[in-house]
Structure formats: structure tokens, C-alpha cells
């Protein structure tokens, strides 16, 4: 126990020093955690590092599962599964073949293939969180893809445990794991929302509930002789992000990430060693697969599936790092003496390098996507604007609405009943394929594509339009509307008051600031309540409705 406590004390102490440096220079923390690990690795025994890394991975897998939107995963299920499986199969097969070509046996070549195929659900999703509850299409799609790849990671862990590490094949482990996941789904859809509703936002109890779930499922997995990561994955599924009752739970569970992220990244940095020629060769093979093949293949598949180039590229950029499942597999294999040391060192080094790259691509994804578009990357992948668009031949003097969500839907529906709306037809630009069916039913004119693509605006006949309205809270899309080189009036939404003056200076005709509008509405409702023109129940109902808008 003393050794564990000393290791944790050292990890957090050294990490805190480097974290202060990162905060002072406003830099991403992951590189500093990894750097701290290099210093910690000199003192802490490797066996303790491996144990801590395994537990860090397990809890971070749980935290990712908590945030997964299973409803969106189901709505894009066949597509995300198809893209993920095809990408993993192609790149994994190439990685396996490269391992054999480099002289590895089948087992060690399999480790290279798995590492090349799967991407992380940790570093990528840390850059997918957005403010004000805004979830761009690419973020939700990336979450769905990572969830699918995590399922593949669980299957890989089970397969290796049942076949490679066991003296005799233990196929019954798959049935037991399926039972644990089924139990998690049963709890999610029949028990969890009732439990959180009864607790009514008590953050302390909800924190204990979250910890109890992950510890309980890990214990269940241990009792069934399964890997702890299987239990952690099931625990994440069991905890539903059930608005509004689970908000406090998700917030309190997020605090666990601040505890386990340093443990994972510092121990990962501590496992680094100076690479020999053999390790360097394996590492280079993995980095080519992870940093080049995975993103390019995924982007091509998403474009072929009908997504616009920007969404495809932004989603693909979240696949440029080693999966934490691959690291977990490598650590388990090292403990079972089933992996060559140069292969293990190569996986760790590739993970560190790819995660450093991911901190950059995550922060600058929008700029990278635009840079690639300017050089024709999306067009080379086969992006087409006209395939999912409908524009009348005689369309003119029309209103272009960017995004159906965030008020665009209501604007189109209400304008259709007004004299002004009947005099000015509406056209919607949308990049979320999940709403295309609804879009076709409420609007005759629409263009599916990226607002940063000039072809989209040409298809939408910007030069003949009367007005452009962007109610989207996504800064990149609002910025693209403001940047249009046109004299057509443009009305955009801002979520920060300082953006209003900037957009006005850049040519926006007007700005919409939802907080000010909401405050005015609350004031009107409060006055009506005091004048007894509005009941307390109606006042509360309107307030709840505004929180969802």
C-alpha cells in the first residue's frame, strides 16, 4: 500500500508542477503530463506503473461511456459501424501484414495491427466538448465512430484473453461479457432515470452512484474472470446522460477525469524508453498508419457515404491517435509475457507521439480542414454538392437559412404562414444528414453541404438572395457567413457580446444575442406572473422550455 500511495503522491506532485507551467503559457496539458511522466519513470517501478496505467485506462473508458449519446449512435448505427469496421479492417490488415513483413510472428504482428486500426476515445473526445450544449455533426459522428471502435477494442481484449493468454480457449467469456453489457443496457433504460429522478440533483449521492456503478461492474467483470476494462465499458453504458436529472451526475463524474487523466498520461510518459533500431521501425510503421492512413481512409469513406467534406475531414482528424484499448492490450500482453519488448515499446512511443499530434490537430481542426479544402482535398475525395440538394430553377429573392436546428426549423415553419414569407421563398443549408428527411418535408429548397464551400453558396444562389440568416451557435459556421464576399444582408447569431462588434465590423448586417432575448422574455413572464396573468406552473414550464432551446 505504501508503494501505491507514494507513486500517486509523486505522480500528482510532479504533474502539478508541469500543469502550472502549462496554465501559465495557456498550452495543452497532455504534453506536460507526458513530460512529467519521464521524470516520474526514473523513480517508480515499472510494475506499479503498469498497474496504475491499467486502472487509469479503465476509469477513462467509463468516463467516455457516460458521455456517449446512444440515441445518435443508433440513428447513425449502420453508417458509423460500416465506416469504423471497414477502416479498422483495412488499416489493421495492413498493419498486420507490415508486422509479418518486418519479421514478427503472428501474435506480435496482431498487436501492431490492432494498434494501427483502433483510435482513442480519450484524446479525441476531449476536444469534442462544446459550450452551451452545442454538438456539431462531426462531433456526434466522431463520438459514434469511437464508440464503435471501443466495441471492437472490447472484442479484441476478450479474444486475446480467451485464446492467447489462456491455457485452453475459453469462448464462454464472450457470453459472460454479453450478459454484463445486456445488464448495463437494462439498467440504463429501466432503472437509471428513475434513480436519478428520485435523488433530485444531490451531487454527493450522485457522485457515489457513479463510483458505485464503475466499481460494481469492474468487480463483476473480475468475478467472471474478465478484464477490468470490460466492466468499465459496461458501467459507462449503464449511466445514461438523461436530461435533466443526470446533469449533476455527469458534472460530478467529470471530476473523476481530473483525477485519472494525470495518472494515465503520466504513467504513459513514464513507460517511454529510448528506442532501438527495431523499435523505431515498428513505431514508424504505426505512425504512418495512425497519422496518415486512418484519417485519409475515414474521410474518403464519409464523403462516399454522403457527408460533406468538412464534416468528413473534421471527423477523420479525431482518428489520429492510438486507442487506449490498444495500450491496455499491450500492457496486459506484457504482464502475460505474450508480447516482444520492442513491440511494446513501439506501441507506447507511437501512443505518445500520436497523442502529441492529436493535441495540435484537435485545437486547430477547423484551420486544417479549411487548408485542405483550399487545396482541393475534399473535391479529390469525391465531394458533391448537388447529390443531396433541391433548388428550384426560378428561385430568386429568397432567404437562405443556415442550419435547421437552433431556430431554423421554427423560422421556416412560421414564415410559411406570413405574407413576407410567402413573398420570399426559403432555402436551408444543412450539414447534418440525419435531418435531411425532415428538411425535405418542410422546405422545397435546400442544399446539403459545408458553408465554407463556395460551391454550396453558388448552388444556393447567393447572388440572387434577399437575406442570409445564420442562427447556428457554431462559431465556424457563423464566421463563414460573415466572411462571404457579398452585399446581401446577413444576420448571424453570437453567444458572446464581444463577437457582436467584431461581426458588425466585418460586414454582418445584424446580430442576434440569445442571452439578451432570453432575459427580456424572462422579464416579460415575471411581470405577467406578478400581475396574475400567468400561473406559477406556466411560468415554470416556460422557464424549462427556454433551457432546452
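Note: Cβ is positioned from N, Cα and C throughout, glycine not excepted.
Record features (TrEMBL):
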type: DOMAIN; residues: 15-361; note: domain 'Cation/H+ exchanger transmembrane'
type: DOMAIN; residues: 408-514; note: domain 'RCK N-terminal'
type: TRANSMEM; residues: 6-23; note: transmembrane segment
type: TRANSMEM; residues: 30-46; note: transmembrane segment
type: TRANSMEM; residues: 52-70; note: transmembrane segment
type: TRANSMEM; residues: 82-104; note: transmembrane segment
type: TRANSMEM; residues: 110-130; note: transmembrane segment
type: TRANSMEM; residues: 151-168; note: transmembrane segment
type: TRANSMEM; residues: 174-192; note: transmembrane segment
type: TRANSMEM; residues: 213-239; note: transmembrane segment
type: TRANSMEM; residues: 259-277; note: transmembrane segment
type: TRANSMEM; residues: 284-305; note: transmembrane segment
type: TRANSMEM; residues: 311-331; note: transmembrane segment
type: TRANSMEM; residues: 343-362; note: transmembrane segment
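Taking every listed stretch (52-70, 174-192, 259-277) in turn, the largest tally of C-beta pairs under 8 A with the transmembrane segment (311-331) is reached by 52-70. The stretch from 6-23, 30-46, 284-305 that makes the most Cβ contacts under 8 Å with the transmembrane segment (259-277) is 30-46.
Sequence-remote contacts of a segment are chain residues at least 6 beyond its ends whose Cβ falls under 8 Å from one of its Cβ atoms, and for the transmembrane segment (174-192) they are 70, 154, 158, 162, 217, 220-221, 224, 226, 230-231, 233-235, 237-240, 242, 246. Within the chain carrying the transmembrane segment (213-239), a Cβ under 8 angstroms from the stretch's Cβ atoms is held by residues 54-55, 57-59, 61-66, 68, 70, 150, 153-154, 157-158, 161, 170, 173, 176-177, 180-181, 183-185, 187-188, 192, 246, 249, 253, 325, 328, 332, all 6 or more beyond its ends.
DSSP states for the domain 'RCK N-terminal' (408-514), grouped as helix (H, G, I), strand (E, B) and coil, give 50 helix, 20 strand, 37 coil. Per-residue confidence over the domain 'RCK N-terminal' (408-514) averages 83 (mean pLDDT, predicted model).
Among 6-23, 151-168, 343-362, 343-362 has the largest number of CB pairs under 8 A with the transmembrane segment (284-305). With a threshold of 8 Å between CB atoms, the same-chain residues lying at least 6 positions outside the transmembrane segment (82-104) that come near it are 110-118, 145, 148-149, 152, 281-282, 285-286, 289, 293-294, 297-298, 301-302, 305, 319, 340, 343.
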